[in-house]
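Taking it in order: structure first as structure tokens, then the write-up.
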Amino acid sequence: MTATSPAPFSPQEIAAEGIKPEEYAEIVRRLGRHPNKAELGMFGVMWSEHCCYKNSRPLLKQFPTTGPRILVGPGENAGVVDLGEGLQLAFKIESHNHPSAVEPFQGAATGVGGILRDIFTMGARPIALLNSLRFGSLEDPKTQRLFSGVVAGISHYGNCVGVPTVGGEVYFDPAYSGNPLVNVMALGLMETPEIVKSGASGIGNPVLYVGSTTGRDGMGGASFASAELSDESIDDRPAVQVGDPFLEKSLIEACLEAFKTGAVVAAQDMGAAGITCSTSEMAAKGGVGIELDLDKIPVRETGMIPYEYLLSESQERMLFVAHKGREQELIDIFHRWGLQAVVAGTVIAEPIVRILFQGAIAAEIPADALAENTPLYERELLAEPPEYARQAWEWSSDSLPTCTTAGIEIQGNLQSWQEILLTLLNTPTIASKNWVYRQYDHQVQNNTVFLPGGADAAVVRLRPLEGQGKITNTLSGVAATVDCNPRYVYLDPYEGAKAVVAEAARNLSCVGAEPLAVTDNLNFGSPEKPIGYWQLSEACRGLAEGCRELATPVTGGNVSLYNETLDPQGNPQPIYPTPVVGMVGLITDLTKICGQGWQTPGDVIYLLGASITTLGASEYLATIHDTVAGRPPRVDFDLERRVQKVCREGIYADWVRSAHDCAEGGLVVALAESCLAGNLGAEIHLDASGSQLQRLDEVLFGEGGARILVSVASTQQENWESYLQEHLGQNWQKLGIVGNTDADLAVLTTDNQSLIRVSIEEMNDRYQNAIARRLAL
């Protein structure tokens with residue numbers, strides 16, 4: 001059908017594929033004709049935001065992507081960094097937000113499966129998983145259902161496939177009601193002599209389909225992930241994939257065995273957009289074409305048409321390009337593992353994706369048109385910050401009631417500082433996530449150094465590897481964290497995003513790890529709305545600056561936009577802008593690490609970093625005063641670098657016995673968490689002169705960057721304080737000493753006026769049981 005003939009589709013049919021009228025006109029121009037149904041579907045998924053980043057690509061160009069340890073940056077299935085000693089780490093973060101909103105168990109489970117495939121497709125064995133989760137208020141029954149389902153899905157897939165879930169974060173806020181965020185990060189250690197890339201090459205080389213069969217599950221998942229959610233989204237359950245973790249375990253082993261033969265030229269996971277994405281991306285990256293015969297594809301359902309084959313997102317499937325003549329060698333490996341493996345196509349010289357079905361051409365599209373030369377929207381940025389931000393920035397702590405050493409009066413009732421601390425510890429965002437991580441197998445593979453909740457970052461031991469005829473013994477480990485304070489980013493996307501990077505690096509430094517590199521997951525609302533695009537643009541600017549300042553290049557990641565829920569009136573309610581940073585760090589000696597809990601009674605407690613904090617954007621302000629306003633703390637990167645380096649070097653010198661980032665809830669919450677992690681009390685004296693410069697609640701619960709709480713053996717006090725004076729000047733404070741197991745957390749002024757005295761038992765009850773109580777378990 002020529003380009004001048006009438007379109008064979010109605011505007012509604014075109015819109016149903018996620019294609020705008022002007023995009024359809026561009027498709028017709030490029031093809032020189034109208035597309036058929038299968039081709040329209042292919043363009044719909046490949047031109048979705050989920051696949052082509054048409055609104056975010058110009059912003060992502062700001063990110064630093066190179067560095068001395070970066071082996072593979074953005075553009076491949078996962079980033080790879082050099083750990084030294086012949087060890088290489090692959091890592092990546094991805095989202096499965098929309099599927100988890102309509103089918104939480106399978107949505108979250110297949111999110112785990114998809115990110116694991118990104119890792120082992122590179123030739124790396126998965127060694128760890130982390131997750132970053134966001135939900136609405138835990139008092140809401142719908143949130144409880146989503147939360148329970150997501151956690152069950154993550155634990156089911158990860159536990160069955162045998163990869164430990166070693167860390168993560170969980171936030172609860174009404175901003176995520178109906179639109180949860182499920183971001184999953186995976187790490188893998190390279191096992192193959194060469195990193196496996198995804199660009200096809202070698203004209204005449206066979207194209208192999210391996211793994212599971214193809215069905216109708218996950219139809220149009222990429223387009224589904226690029227639209228707002230509504231009450232009718234439950235009807236989109238067919239767009240949610242169904243995973244098989246036991247099959248994935250076999251796929252891991254078969255792929256790694258196949259890669260080691262040297263018979264594989266390129267490999268690509270069939271994730272979003274399934275066969276369409278894998279064929280077009282492999283062809284475009286290699287500057288070649290791929291011809292694929294759908295009649296060769298193993299199916300689990302009868303009567304499938306090309307549109308369904310091409311858009312199916314059935315899980316646990318891969319596409320390989322093999323060296324000609326060695327295809328049977330690979331097929332035998334997959335059959336031995338009980339998996340499908342067939343030659344389904346060929347690499348061709350013409351740079352097109354040609355799909356055959358029942359002896360005829362079902363689709364024929366230039367590969368670049370699908371995977372590289374896709375639409376790009378450079379939107380106009382607001383000339384000034386939006387009104388909601390300007391109003392929030394006008395807030396001042398002067399509007400809060402007056403503080404005294406006894407507490408603060410809220411709505412006519414005096415609340416003591418002790419009561420406020422217990423309330424914060426009982427807040428689901430701050431409280432222990434033991435209800436979550438007890439469902440995860442976090443020790444499978446026997447390389448997990450810290451149990452979840454025991455340190456500010458996960459630490460994984462690097463076991464001796466057999467490769468290329470030698471055994472590599474090492475004391476090295478990797479640390480990993482996922483972080484984002486979305487309230488900070490909502491109130492000031494630029495400063496908030498910088499703070500995300502700083503906190504991730506700080507968490508790694510608290511376990512003694514040198515921050516190396518970043519993978520990011522950008523979760524935002526609609527970029528087509530001026531406020532949404534302003535938030536996205538400013539956050540990307542902040543992330544880029546933070547990564548440059550802390551020398552942590554970005555190796556890749558994921559963009560998830562249109563995270564909005566339509567209310568009953570049809571008005572879109574966007575989530576908080578949530579740029580999650582996954583960061584990895586290197587530990588050269590696993591005997592030189594520490595957790596967040598106090599270790600020994602009599603150890604001296606110090607606060608490294610700035611003493612001045614703010615209540616703007618704080619957990620205290622949101623929880624106790626029900627106010628989301630103010631500006632988040634501004635990041636001082638010079639101080640951040642110095643504080644983090646002092647912490648790392650203190651750990652390496654065996655001076656620092658515990659280290660904990662002061663984050664949500666401020667200093668006193670950090671003190672309480674260190675008491676609970678070590679099951680030891682503490683006696684703290686806060687300088688009363690500080691309260692002349694700051695409100696008392698700012699001193700206790702204010703938040704700020706570059707602040708780390710550490711404990712040091714009393715025998716090392718003189719050496720440590722000399723070191724602090726040399727490297728931090730006045731930017732540190734001695735706070736007090738660690739108590740016994742039966743001691744309280746006692747916070748006093750320097751003239752011994754009591755501010756807080758609370759037992760470990762009482763804190764423990766609020767902190768450990770907050771989530772279970774709300775779930776009525």
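Cβ atoms here come from the backbone N, Cα and C positions, even for glycine.
The annotation active site is assigned in Swiss-Prot to HIS50 on the grounds of sequence analysis. In three-state terms derived from DSSP, HIS50 (active site) belongs to a helical segment.
Residues or ranges marked as active site, proton acceptor in Swiss-Prot (evidence: sequence analysis): HIS96. The local packing around HIS96 (active site, proton acceptor), expressed as other Cβ atoms within 10 Å of its Cβ over all shown chains, amounts to 32.
For LYS92 (ATP binding site), applying a Cβ distance below 8 Å and a minimum sequence separation of six or more within one chain yields ASN77, ALA78, GLY79, ILE115, ASP118, ILE119, MET185, ALA186, THR519, THR555, GLY556, GLY557, ASN558. Sequence annotations record features per position, and here Swiss-Prot assigns ATP binding site to TYR53, LYS92, ASP520, GLY557 based on sequence analysis.
Over all protein chains present, the Cβ of ASN558 (Mg(2+) 1 binding site) has 25 other Cβ atoms lying within 10 Å. The feature Mg(2+) 1 binding site is assigned by Swiss-Prot to GLU94, ASN558.
The substrate binding site annotation in Swiss-Prot covers SER95, HIS96, ASN97, HIS98, ARG117, GLN241, GLU313, SER314, GLN315, SER560 and is backed by sequence analysis. The secondary structure of SER95 (substrate binding site), as reduced to three states from DSSP, is extended strand.
Around the Cβ of ASP118 (Mg(2+) 2 binding site), a 10 Å sphere holds 26 further Cβ atoms from the protein chains shown. Feature annotation from Swiss-Prot assigns Mg(2+) 2 binding site to ASP118, ASP269; the stated evidence is sequence analysis.
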Cβ within 8 angstroms of the Cβ centroid of TYR53, LYS92, ASP520, GLY557: which residues besides those meet this for the ATP site?
LEU60, PRO74, ILE93, GLU94, THR519, ASN521, LEU522, VAL554, GLY556, ASN558, VAL559
Whole-number Å only: compute the distance from the Cα of SER95 (substrate binding site) to the Cα of ASP520 (ATP binding site).
10
Cα-Cα distance linking ASP269 (Mg(2+) 2 binding site) and ARG117 (substrate binding site), given in Å to the nearest integer:
6
Separation of alpha carbons, GLU313 (substrate binding site) and ASP269 (Mg(2+) 2 binding site) (Å):
11
Which recorded positions sit within 10 Å of ASP520 (ATP binding site) - Cα, from HIS50, HIS96, ASN97, GLU313:
none
For TYR53 (ATP binding site) and GLU313 (substrate binding site), what Cα-Cα distance in Å is obtained after rounding to a whole number?
19
Could you state the CA-to-CA distance between GLU313 (substrate binding site) and HIS96 (active site, proton acceptor) to the nearest Å?
13
Determine the most Cβ-crowded residue among the binding-site residues GLU94, ASP269, GLU313, ASP520, using a 10 Å radius around each Cβ and all protein chains in the structure.
GLU313
Under a three-state reading of DSSP, tell me whether ASN558 (Mg(2+) 1 binding site) is helix, strand or coil.
strand
Could you state the CA-to-CA distance between GLU94 (Mg(2+) 1 binding site) and GLN315 (substrate binding site) to the nearest Å?
15
